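To start, the structure itself, in structure tokens.
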């Protein structure tokens, strides 16, 4: 059951009064030129509100906010907005937090959401969830990481990667939106290898059905398979045929190989959801890759 008290997104622009974001309001477009799909904003938690502003404010951080071109909220017509049930139209915009755990050998953890979940079932994402009242972003992210995977991380270096405007269903062709979030992607860096972290995994099968560690080369292939590109779902260069994942079967993790094509799949325009990496996760992976040292140039070798 949803908490009666939720941390909601509030907006201010050009020193206007702070107002709660409306469910049908395209937030990214509010801060970008010509209703575009990315914007540089300032954000932070303030008295159980997640504030987004075009200007710096105390304890805020500058960060990129982005949405997909096919964002349902962006493309919602006035008629469709009016057709939303009152409890949806008046629920505001929730705040989510997702944690990319980076091992010391430069791999990141993704989890596959359980098929039984109502939102984004069977989709690969970083561990995460809602921010509870009174929590800071990192505190919420580490709590969700612990609850979903069993990993307990404390005192780890971290940074905010970026914000993603998310809606579910992810495409208007799949139905009118019932959820609208601003997802905060955090990067936390462990001093352990992915093998050491893997041994500590104890996923909650109510939320997680599998785990995978991605290296930088696989992440690059996944990022290249954009969800709204004409050639999406096809490898953009050398890619392995399969990826080793850990599936949760009868309470225990079991190793198996999944086709690389699964991780390059995109959201179907109609019909049942398919196993895939979420569009927001691809965005987070692209931001993660940008944090890594660039390989030295070979031009003069």
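Every residue number used here counts from 1 along the chain in the order it is shown.
Keep in mind that glycine also has a Cβ here, set from the backbone N, Cα and C atoms.
Feature annotation (Swiss-Prot): of 63-84, 85-106, 107-128, 129-150, the stretch labelled motif 'Nudix box' is 129-150. Residue 144 (Mg(2+) binding site): 22 other CB atoms within 10 A of its CB, across all protein chains. Look at the domain 'Nudix hydrolase' (90-236): DSSP puts its residues at 31 helix, 50 strand, 66 coil. When averaged over the motif 'Nudix box' (129-150), pLDDT in the model lands at 97.
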